[in-house]
Amino acid sequence: MTLPANQSPEMVILCNELGEATGTAPKSEIHHSDTPLHLAFSVYIFNGDNKLLVTRRASDKITWPGVLSNSCCGHPQPGEPLTEAIERRVHEELRIRADDIRLVLPEFSYRASMTNGITENELCPVFAAHCKTSGVNPDLNEVSAWEWVHWQWFFESVQAERLLVSPWCRAQVDLLAPLGANPSQWPVAEERRLPKAARTKIDVQLKVS
């Protein structure tokens, strides 16, 4: 895809195994069989009825197309705090506003490969958020379908493998379920447990050496 002349490519923050930032790279270039470790986030959005927004990834996504997953995922840009990245991405992808953003799994990371070899490899802190409206108008290039469901039904269905979801969502559900049946009461984790790359403002000029 050719970007407009005034639009910069979306970047991701590359990391080492210690969670430190080592550089940046265009998002469009990093997903392959040897995807480098990079910083991301996952967010689980709940409405006023405490229902979870579950989304189906668009069919032309590079990674796990057409698969059910959590509400939203994304990558912070260099110098962008995670909460601001979540607000931005939720609005871009779902056309809703994420409020009351809370860190719940600060140390989550995963590596998973599709049958074609394309791999995800992320330091991916997990957040919960609230949305005051149930009306969603997603970007169809990102999300092909969506539904609000009860959290207990969702995690029980995922754990029983009655509902097949993305590999990161599957692993996250196993860690979120013990936090309690009421997502609004999940304990908030300390930000100091985040990867260092997520706690440090990264110079936007940082390049891969």
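Just so you know, glycine gets a Cβ as well, placed from its N, Cα and C.
It should be emphasised that the depicted structure is a prediction, and the values quoted were computed from it without experimental measurement.
Per Swiss-Prot, the features are as follows:
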- C73: active site (ACT_SITE)
- E122: active site (ACT_SITE)
- H31, H38, H75, E120, E122: Mn(2+) binding site (BINDING)
- C73, E93: Mg(2+) binding site (BINDING)
- 36-171: domain 'Nudix hydrolase' (DOMAIN)
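For H38 (Mn(2+) binding site), the nearest neighbour among the recorded positions C73, E93, E122, judged by Cα separation, is E122. In this structure the alpha carbons, written CA, of C73 (active site) and E93 (Mg(2+) binding site) are 9 Å apart.
DSSP labels the residues of the domain 'Nudix hydrolase' (36-171) in these numbers: 27 helix, 51 strand, 58 coil. Listed in sequence order, the residues of the same chain lying 6 or more apart from H75 (Mn(2+) binding site) and placing their CB within less than 8 Å of its CB are E10, M11, V12, I13, K27, H38, L39, A40, F41, A85. Taken together, the residues in the domain 'Nudix hydrolase' (36-171) have a mean pLDDT of 97 on the 0 to 100 scale. Separation of the C-alpha atoms of E93 (Mg(2+) binding site) and E122 (active site): 20 Å, rounded to the nearest whole number. Apart from H31, H38, H75, E120, E122, the residues listed for Mn(2+), the same chain places the Cβ atoms of V12, K27, I30, T35, A40, T63, N121, C124 within 8 Å of the centroid of those Cβ atoms. DSSP assigns H31 (Mn(2+) binding site) to coil, not to a helix or a strand. For the binding-site residues H31, H38, the greatest number of Cβ atoms within 10 Å around a candidate Cβ is found at H38.
There are 22 other CB atoms within 10 A of the CB of E120 (Mn(2+) binding site), with all protein chains counted. In the shown protein chains, 24 other C-beta atoms lie within 10 A of the C-beta of C73 (active site).
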